[in-house]
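Read through the structure below, which is laid out as structure tokens, and then see the notes.
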Amino acid sequence: MGEAGAGAGASGGPEASPEAEVVKLLPFLAPGARADLQAAAVRHVLALTGCGPGRALLAGQAALLQALMELAPASAPARDAARALVNLAADPGLHETLLAADPGLPARLMGRALDPQWPWAEEAAAALANLSREPAPCAALMAALAAAEPADSGLERLVRALCTPGYNARAPLHYLAPLLSNLSQRPAARAFLLDPDRCVVQRLLPLTQYPDSSVRRGGVVGTLRNCCFEHRHHEWLLGPEVDILPFLLLPLAGPEDFSEEEMERLPVDLQYLPPDKQREPDADIRKMLVEAIMLLTATAPGRQQVRDQGAYLILRELHSWEPEPDVRTACEKLIQVLIGDEPERGMENLLEVQVPEDVEQQLQQLDCREQEQLERELAPEPWVERATPT
């Protein structure tokens with residue numbers, strides 16, 4: 001990589017170690033360095049993040065990580081530096097090393113992601129979305145958010161940025177949604193999201209239909225699904241204050257023409273949909289929507305509310321249309337819950353049922369056999385694997 005200038009001064013004498021070569025880049029990354037040399041140095045760093053050994057080499061370099069964060073925002077090197085951090089954070093095996101080298105990295109990335117003037121805020125959000133998939137970095141990020149001013153918490157700022165069109169005119173901030181989904185795996189984040197006085201869930205619901213980004217839709221649906229694990233909030237989620245179910249069902253609905261009797265059983269927002277109504281195109285998002293509804297059926301009152309709002313009708317048509325076997329299987333399980341008999345007394349809350357160890361093992365074996373069957377069904381088809389953004 002001659003263009004990066006990384007080998008300058010390396011000719012003659014014993015060959016320098018890779019770590020020493022990386023250290024030589026630091027003067028070119030400092031504020032005030034010649035623009036062309038700075039750009040070449042950052043391009044070299046970005047190239048190194050394209051392979052495992054390169055990422056491992058960079059992850060432990062605290063000074064280099066800090067230098068990447070401090071590049072001037074308007075420069076092209078800052079863009080490449082932000083992308084290098086996205087690639088570093090995409091490697092779960094390096095998260096511990098990254099945090100050890102730079103414990104303040106999550107907080108600084110969050111500051112960049114939520115700065116409405118920062119041009120590379122989307123890259124900062126993507127790096128955080130990658131980093132927060134693992135428990136330790138996620139906990140560090142939650143601590144950084146909790147350290148924000150009580151009147152304007154970090155989570156509130158995150159939700160506001162996600163839900164405000166044009167919050168940053170130069171960055172779409174779609175990756176704030178998967179970041180929020182990762183954070184919502186933690187009880188403290190769910191407590192914030194489900195606080196009735198904050199109206200956070202209500203602000204997120206319209207984004208389940210966001211047309212311009214599957215990343216944003218998927219992150220929001222993942223967040224809502226995680227909130228549905230809190231069965232003590234199901235009555236509130238399904239009730240008139242939130243009315244979550246139509247927002248989960250609408251992306252699963254197609255252009256089917258129901259009878260008048262069936263139409264009356266559906267929520268108003270799902271009645272008389274246009275003939276060009278399209279279902280959610282992403283199979284992973286469809287599966288999360290089905291899983292969220294399944295969680296809402298964990299209690300007897302929840303099951304009754306889901307039944308009363310005609311969910312079975314939407315799921316019946318989804319099952320007939322669904323091309324993906326794993327989504328179809330999830331749909332079948334939910335339909336069985338809705339049309340099956342109620343559990344015996346004392347077993348009404350499915351999330352609190354204690355499953356004997358031998359039964360749990362049998363269920364795991366059944367799941368394995370189910371997965372093998374799905375793989376056999378898929379085998380003859382020449383599926384093209386979708387690229388996953390880093």
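Glycine too: its Cβ is placed from the backbone N, Cα and C atoms.
For G2, the entry in Swiss-Prot reads N-acetylglycine. The phosphoserine annotation in Swiss-Prot covers S17, S214 and rests on a large-scale study or a structure entry. The region 'Disordered' feature in Swiss-Prot is assigned to 371-390. Among the features that Swiss-Prot reports, phosphothreonine is placed at T388, with the record citing a large-scale study or a structure entry.
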For S17 (phosphoserine), write down the residues of its own chain that are at least 6 apart in sequence and whose Cβ falls under 8 Å from its Cβ; none is a fine answer. none
Return the residues near S214 (phosphoserine) by Cβ distance under 8 Å, restricted to its own chain and a separation of at least 6 in sequence. P281, D282, I285
Three-state secondary structure, which DSSP defines for S17 (phosphoserine): coil
